[in-house]
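Enquirer: One structure, pasted below without further comment.
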Amino acid sequence: MKITLPEFEKARVLVVGDVMLDRYWHGPTGRISPEAPVPVVKVEHIEERPGGAANVALNSAALGAHAVLLGLTGQDEAADALAGQMAGVKVACDFVRLADYPTITKLRVLSRNQQLLRLDFEEAFHDVDSTLLMGKVEQALPHSDVMILSDYGKGALNDVPSMIQRARAAGIPVLVDPKGTDFEKYRGATLLTPNMSEFEAVVGKVKSEEELVAKGLELVKRFELEALLVTRSENGMTLIREGQPELHLPAQAHEVYDVTGAGDTVISTLATSLAAGKSLDEACALANTAAGIVVGKLGTSTVSPVELANALYTEQETGFGVMSEAQLKIAVQAARLRGEKVVMTNGCFDILHAGHVSYLANAGKLGDRLIVAVNTDESVRRLKGPGRPVNPTERRMAVLAALGAVDWVVPFAEDTPQRLIAEVLPDLLVKGGDYKPEEIAGYAEVTANGGEVRVLNFEDGCSTSDIIKTIRERG
């Protein structure tokens, strides 16, 4: 499956659930306490991160989505710290603050990147009036593309059925990271993301792939779900739907340092990708890739679009296809992190011929990645006159993207790609024809950035205009 990143910034993600504050105390250990047989940690660094549902929202925001977080907290210092953390990453929070409860806080003591102890400060919100949070959900739903229910069993989601019903009535998909064995409360959700332990706690021990799929389908039917995504640690993840073959995605992690928050990354990437327009299969593939990245980090962490692009666009792959400008910028950043040389060219490419193919092949040999910027239909008409282009923008870009020499294809609406070139700033800008380098659009911007501009020769005897003329004469 060839995947490109969606425009995550268009996604509006509503996260509702058990919010937490994760605290980390880091320091060396060099002796045993004289008071008890335990190591003494000299705390040198204190760190705070959003946890639980807050980490889910943080992951969506890290991808570029507009994230809104709803949950229950206390009226305490930890709630203020959590709100400050979320404001810093531009997550809109609307908490129900309760005087008689502490904000759920987990304090971890670490030495040499090894966790020695965890202290939990919490009291489950089981007796809280569910209408307090439901009112905020109803206000947020009209401004959301997807809703995530992040259930850690702490009491914020004590009326899940009503939340699912309201969201589905509004046409908004609901993705649930479940907790416990009572899946009845998730009836009617779009998709559940249990891990293997949670799945087997509901259906019993699974002994084969066939049994996994069969029992997964039973859950899909029984609880009126659209899909079930079972995350299986080192065995990847499996998407199960009624009427379609299962989709198995192998694990992507190269090294596993910490699985803390990996489930949060999976559901947030999945939901954000769906909200940004990706299919369920594509969204699951992106979530699987994100999970492989995040388990290589210590503690609850996030994945950026550049990291995701870097993992998707490996050195061996090519032909990633048509992209928007936003997607292209992320892909270029990822390429540069890998030390790759980015080459860029542009043109109408109305009727692709041997001259074009030869030119693009030569351009591609000059670097590691080749970007082709293509004039839109309106731009071509202004430059070439009535009757052009023969092929619309989408078809021209699709043909170019299929060429082995071409990595990324992007449209531009202006007469020249100068603005786009200034945004991308390729290492090498090439153009075919009889130009002088300084006459080429984007020359000043590229050279000022330390890049190079080069003119390549076109193959003689190949011309789109001549091809069109010949067709008309013979027609």
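Sequential numbering from 1, following the chain as shown.
Note that Cβ sites are derived from N, Cα and C of the backbone, with glycine treated the same way.
Feature table excerpt (Swiss-Prot):
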ACT_SITE  Asp264  active site
BINDING   Asn195, Met196, Ser197, Glu198  ATP binding site
REGION    1-318  region 'Ribokinase'
REGION    344-475  region 'Cytidylyltransferase'
Enquirer: Taking the centroid of the Cβ atoms of Asn195, Met196, Ser197, Glu198 (ATP site), which other same-chain residues have Cβ within 8 Å of it?
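Expert: Result: Pro194, Phe199, Glu200, Ala201, Val230, Thr231, Arg232.
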Enquirer: On the 0 to 100 pLDDT scale, where does the region 'Cytidylyltransferase' (344-475) sit on average?
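Expert: Average per-residue pLDDT within the region 'Cytidylyltransferase' (344-475): 88.
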Enquirer: Per 10 Å Cβ neighbour count, which of the recorded positions Glu198, Asp264 ranks highest?
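Expert: By the 10 Å Cβ neighbour count, Asp264 comes out on top.
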Enquirer: Expressed to the nearest Å, what is the distance separating Asn195 (ATP binding site) and Asp264 (active site) at their Cα atoms?
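Expert: Cα to Cα, Asn195 (ATP binding site) and Asp264 (active site) are separated by 11 Å.
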Enquirer: With a 10 Å radius around each C-beta, find which of these binding-site residues (Asn195, Ser197) has the fewest other C-beta atoms nearby.
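Expert: Sparsest of the binding-site residues Asn195, Ser197 by Cβ contacts within 10 Å: Ser197.
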Enquirer: Do me a favour and check the Cα-Cα span between Glu198 (ATP binding site) and Asp264 (active site); whole Å is fine.
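Expert: Distance (Cα to Cα, whole Å): 15 Å.
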Enquirer: Can you tell me the CA-to-CA distance separating Met196 (ATP binding site) and Asp264 (active site), as a whole number of Å?
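Expert: Roughly 15 Å, rounded to the nearest whole number.
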Enquirer: Which state, by DSSP, holds Glu198 (ATP binding site): helix, strand or coil?
Expert: helix
Enquirer: Could you state the whole-number distance in Å separating the C-alpha atoms of the residue listed as 'active site' and Ser197 (ATP binding site)?
Expert: 16
